[in-house]
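Per TrEMBL, the features are as follows:
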- A:ARG202, A:226-227, A:240-244, A:257-264, A:ASN278: FAD binding site (BINDING)
- A:3-182: domain 'Electron transfer flavoprotein alpha/beta-subunit N-terminal' (DOMAIN)
Amino acid sequence: MSTLLLADHDGHQLKKATLQAITAAQAFNTPVDVLVLGSDTAAVAAQAASIAGVARVIAVSAPHLAHLLPEDAAAIILGQLNAGYTTVIAAHTTLGKDTLPRVAALRDVGMASDVIRIHARGQYERPIYAGNAIATIHSDEAMQVLTIRATSYAAAAAGNSAEIISRSAPAAQAGSQWLADDHKISDRPELATAPVVVSGGRCLGERFDEVLAPLAARLGAALGATRAAVDAGLAPNEIQVGQTGTIVAPELYIAAGISGAAQHLGGMKDSKVIVAINTDPDAPIFKVADIGIVADLFDVVPELTRQLG
Amino acid sequence: MKALVAIKRVLDYSIQVRVKPDQTDVDLAGSKMSINPFDEVAIEEALRLKEAGIVSEIVTVTIGASVAQDVLRHALAMGVDRVTLLETDTAPDSLGVAKLLAALVKDEQPGLILLGKQAIDDDAAQAGAMLSALLGWPQASAASKIVIADGKALVTREIDGGTQTVQLTLPAVISADLRLNDPRFVKLPNLMMAKKKPINTVTANSLGVPFAARQQQVRVSEPAQRPAGVLVKSVAELVAALKAKGALQ
């Protein structure tokens with residue numbers, strides 16, 4: 001019995017979410033093999049082999065895996081699964097949530113998505129209704145397939161020298177083809193893993209960046225936004241925080257002019273310290289805030305930036 | 001080309017979620033139910049593809065008890081051509097949904113399947129990818145733009161930290177994100193007319209695929225409440241409170 005963990009990486013290093021999934025995978029008390037797929041997996045495989053709790057690294061390099069598509073990733077996983085694996089796990093990132101349902105369907109087993117707690121093999125907690133309820137589910141499947149909500153787990157640390165095994169890739173599938181990625185280049189830390197997030201709502205209007213960016217710069221924070229702010233064109237979609245956007249759990253989350261719709265709260269309420277700045281004392285954001293201030297964000301945010309020096 | 005749009009009936013997004021006191025499930029009794037918002041976007045996209053002359057017929061399907069007819073009526077009022085209810089009193093899980101839809105695809109032979117990227121009740125986000133895998137058709141999830149030409153779909157999709165463009169050879173399965181479009185407002189006369197249109201009801205069991213949920217829901221509980229916070233009066237107090245919590249590095 002062992003666990004196969006699909007690594008998510010950028011070609012150079014593992015995403016933090018994968019390190020967090022490695023921690024989650026230890027709950028099964030079986031060896032964890034990390035599967036690294038890419039066009040050149042040497043650096044990422046070496047990093048994976050250095051992570052505590054990793055039994056073996058299986059590296060599959062092929063030119064067509066440079067921009068990994070779920071059809072190819074799932075085919076490779078299925079090809080590995082005859083080797084005593086009883087669990088397939090990944091972080092609930094784009095790659096994990098696109099790929100693991102394919103693996104589950106083709107193995108004819110049910111799947112658990114976005115798991116926040118593993119009680120035992122086959123017994124998981126996961127948020128439903130945008131985190132407004134927590135379901136505990138039970139599965140007797142011989143092959144357990146699950147994705148992990150990364151922010152529920154600490155990242156696994158270095159301190160290992162696991163064996164790296166290279167395997168060859170099956171031929172590329174023909175039905176879908178990668179054309180382009182469009183990632184916004186930013187000096188700020190990545191939203192999903194930033195230790196501090198400064199987030200704003202629609203009421204910031206055209207002054208979204210002007211007001212929030214200096215505070216984010218002072219705190220070394222990522223910028224976040226509500227769905228309403230994104231829909232109003234004030235902020236790009238990739239910084240949308242919420243159940244259907246990016247789920248964050250930073251050390252400090254500053255919500256400026258955010259009322260606290262359930263959809264938004266579902267994406268940030270596991271943050272360690274939440275600050276709410278809003279003129280409406282009845283805004284739901286104050287129910288989850290550790291520190292609240294009922295005031296105009298256009299006064300508070302610049303003054304806070306100034307006082308932090 | 002025929003488009004198949006799969007939709008789900010869920011607790012309306014505006015309704016406060018309550019957990020039953022016995023913690024067996026969320027309490028839906030008497031609550032307003034609606035079409036899953038992502039699925040409504042999928043319908044709207046099919047309608048726009050039909051208006052552009054790319055799709056010739058739109059078939060909408062849902063799976064559930066007879067009460068699920070209401071979301072099919074909503075789809076008819078939006079303008080889809082035909083609707084099918086795969087009727088069952090036993091709620092399938094995502095794998096069961098994918099199997100039932102795959103069985104229906106054999107009969108309907110669509111060139112394109114559209115559905116929401118996730119349902120806002122179970123938030124599983126599995127059905128589209130599972131259906132794609134079972135059919136052996138290419139997939140694109142969380143689409144924010146779809147362009148169809150020459151038997152291919154050019155799909156811009158929302159991924160972690162940005163967007164990605166992929167090209168799928170049709171037939172394919174595409175799941176919709178909210179940014180794909182703004183669904184049209186359903187006019188009352190259309191809703192009245194939709195009430196007179198036929199609903200093709202098929203017993204889910206008659207499709208001959210096992211669809212019972214493979215996982216049991218053991219318990220549903222309220223999320224842990226955060227301890228009550230403090231309200232501060234000034235920015236100076238806010239900075240002091242942040243320092244006291246060790247939140248400033």
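Our numbering is plain: 1 for the first residue shown, then up by one each step along the chain.
Every residue, even glycine, has its Cβ placed from backbone N, Cα and C.
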Sparsest Cβ surroundings (other CB atoms within 10 Å) among the binding-site residues A:ILE258, A:ALA261: A:ALA261
Cβ-based isolation winner (fewest other Cβ atoms within 10 Å) among the binding-site residues A:ARG202, A:HIS264: A:ARG202
Protein Cβ atoms within 10 Å of A:GLN243 (FAD binding site), excluding its own: 24
Model confidence over the domain 'Electron transfer flavoprotein alpha/beta-subunit N-terminal' (A:3-182) (mean pLDDT, whole number): 96
Interface-proximal binding-site residues, chain B, C-beta separation under 8 A, candidates A:ARG202, A:GLN240, A:GLN243, A:ALA261: A:GLN243
